[in-house]
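All remarks here apply to the structure that follows.
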């Protein structure tokens, strides 16, 4: 743009110069046509201010200006130079009009040339000022745009580096791919909470309460979550149900809210469990991705008993199943059906689908992959052994989670050996499958 503007000013300058030469010729003709009986002006005397053109010449020149000769801006400049209000300008003395024009030209050519050069310089300065003002205007308009920070970069601290992996020698605290397994005593809650508060971490919790599960579990789940889940962080509970009017109205803390989303009821509980993957994907795409950094998905038949805090947040989070965290791989209940997309011959751990989470991007990738595999199985009239949980285990076998939660984060109190469980953060609620589930 600056080149175009630059050329435009030089074209204007050339046009104005041509116009000045033409106007000079016309003025010269006007001078020669001056009537003999026209009163002559007095010769210029040093120190005087009465230096004027003959009236007819001035009128003729102004007439030429008004008729559109030359650049309008140049006309104004030349008029100010040649006809100032104080009349301090070069004028033609009377004797110049009495046939002595050629004789006087030798003394005035240099002076006229200097004036012409001065006009050109004025035009050049105006062009530069115009270009500069255009640049300044463009700069002001860009002030509203974000600019790169000039502050030195802050040192990034990964709070997972503060974990004490030797604090729990009786249990495994790290995977073979170096992902932490979170147990009580390994972390400082204040360090994690402070980091996520400073980063303005936001969390969406999704839970499905369809059919009889709504009356049986949802109130206990929500009220206990308000006491223990991600305290100090903005949290929104997304309750998916076929009976939205029956969701209890619970009191939530500041920066926390409850959203009720209506879904269709499926004939079988297995379909409800598997189809939640599709629903979670849709709500992430439509809403969660715009407002939340993390998404956690829970089964409703659970109750919070202790801190379930920011130490659980991570890029991709999986939960070790309470019944299999000590078992060997052959005992894991993977889907061994080679016809299923959930088929696994071997694996690392057995994960519980009651809880999974992470950043919204990773959670969406997970649920999309699981839903796609579920639909492929349906096309081939195949159903995975443990439905969405079988597909979840297959996903985490291929896409390793970045953080694992120990069984402290979802414990079955019917298990006799509790020696490894120092804190009950979330426990299974009593199961009444015979009365709750539809065939």
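Glycine too: its Cβ is placed from the backbone N, Cα and C atoms.
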Candidate ranges 71-92, 93-114, 115-136, 137-158 [criterion: TrEMBL lists as transmembrane segment]: 115-136
Binding-site residues: 209, 210 - member with fewest neighbouring CB atoms within 10 Å: 210
Residue 389 (active site, nucleophile) and residue 209 (UDP-N-acetyl-alpha-D-galactosamine binding site), Cα-Cα, nearest whole angstrom: 18
